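> Got a structure for you, questions after.
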Amino acid sequence: MKIYFAASIRGGRDEAKVYKKIVKYLKKDNDVLTEHLADQNLTADGQTELTDKDIRDRDVEWMSQADIVIADTTNPSLGVGYELAYAERLQKPVIILHNRDKSKLSAMINGTDYFFDVNYYENYHDAIQILEEKLSGKQY
Ligand SMILES: O=c1[nH]c(=O)n([C@H]2C[C@H](O)[C@@H](COP(=O)(O)O)O2)cc1CO
């Protein structure tokens, strides 16, 4: 299936290694549209080869194609917040992953009924195990 993975870029790249592990796992059986999030050379400047309008328009188009949105919300990010609201607007299934040792999830996400599938993890192994359980055998 097509997965839209959302995670911080300009919000900060501290969790980039975790994003890499998650994307590597998801790519085994799926098409990850936002693979660039796993790129360890991508800095908080973002994709400077593109205009911001191109990034936004491409990403909402990718989201419209996606079967599911998986977001790592550990590192707060305006873009991820926007994408989650956009996913709700498009009624896409959403799985949220969050490392609660590192930050507290925004009330605007945690307090939205649509985002019922919030999963807390402690390290990337847990995050992948959560995804394994969620994605195996379930049709999105
Ligand atoms: O260069 C980019 N490329 C890109 O695809 N995005 C999208 C995908 C990410 O899930 C999200 C990150 O938002 P932010 O940069 O505000 O942390 O926005 C965001 C940027 C930079 O804002």
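Every residue, even glycine, has its Cβ placed from backbone N, Cα and C.
Here TrEMBL flags TYR19, GLU83, SER106, ALA107, MET108 as substrate binding site.
Burial and contacts for the listed features, if you can.
Under the DSSP three-state reduction, GLU83 (substrate binding site) is assigned to helix.
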> ALA107, MET108: which of these binding-site residues has the sparsest Cβ neighbourhood within 10 Å?
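Result for the binding-site residues ALA107, MET108: minimum number of other Cβ atoms within 10 Å at ALA107.
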> Near the Cβ of GLU83 (substrate binding site), how many other Cβ atoms are there if near means within 10 Å?
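For GLU83 (substrate binding site), the count of other Cβ atoms within 10 Å is 24.
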